[in-house]
Amino acid sequence: MAFIGAVISSFAPIFLILSPLTSYTDQILAINRTRTSAGFSLDIPLIMLTASILKIFYWPGARYDLALLIQAIIMVAVQIVLLKVALNNRPPWRGEGPFKSMDQGRPFNFWRWKSQWLYWEYLLGLTLTLLTLHTFLRPTGSSIYTQTIGYIGLAIEAILPLPQIFANQRAQSCKGFRVSVLANWLLGDAMKLGFFFVSGSGKVPWAFKLCGIFQAFCDAGLGLQWWIYGDGREDRDRKDMLEKP
């Protein structure tokens, strides 16, 4: 058991730091190659960017493990690229079809804007707001402000799989969502939970552990969807067979 703990403590931080690249590079390349982000939920960049920015501002007060901070910084960079590629390749029906029921309840059509600038304006506004709060509140580990942004950021990250789960359920397919992303999420859950509970109590706050457990259950549900629905490849093969002379 001690040996397993030592291995996790040694390799998990490296995996966590690199996980934004291993999880989303294939999705970025696939969208760029097919020239469409159909089937990919734009809420994934929203959730990860919001959560990662909050986690970065959580660090000065909480001083959690440095590997988790580096991961959050890299995640922001990767998700900005993913958002840009997804927006550049939005299908003309974005905001309609399988997304229509989700969009109807959104005030101001939030995160379904036609103008790309509004997406960057939101991210800039969030960052500047947190900078202002940090300047005046001077966060410490025990402050209500620090604990609040920490739990909010991690809770937002924990619901990451939900928009994709809802989109898959409505479409009865996982088409457009890369299995490489799912595999990295599931592997990441195992590595994160192992690292969280093997590390000393002072290195990883309980907020990370609770939200990590919830996200692992959600990712398992997404894996079950993939097993039931697949990626729509059978439908494409059937269509190709019917179109053959």
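Glycine is no exception: its Cβ is also placed from the backbone N, Cα and C atoms.
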Listed range which TrEMBL flags as transmembrane segment, given the options 37-60, 205-228: 37-60
CB contact flag for the transmembrane segment (37-60) and the transmembrane segment (6-25), at least three pairs under 8 A: no
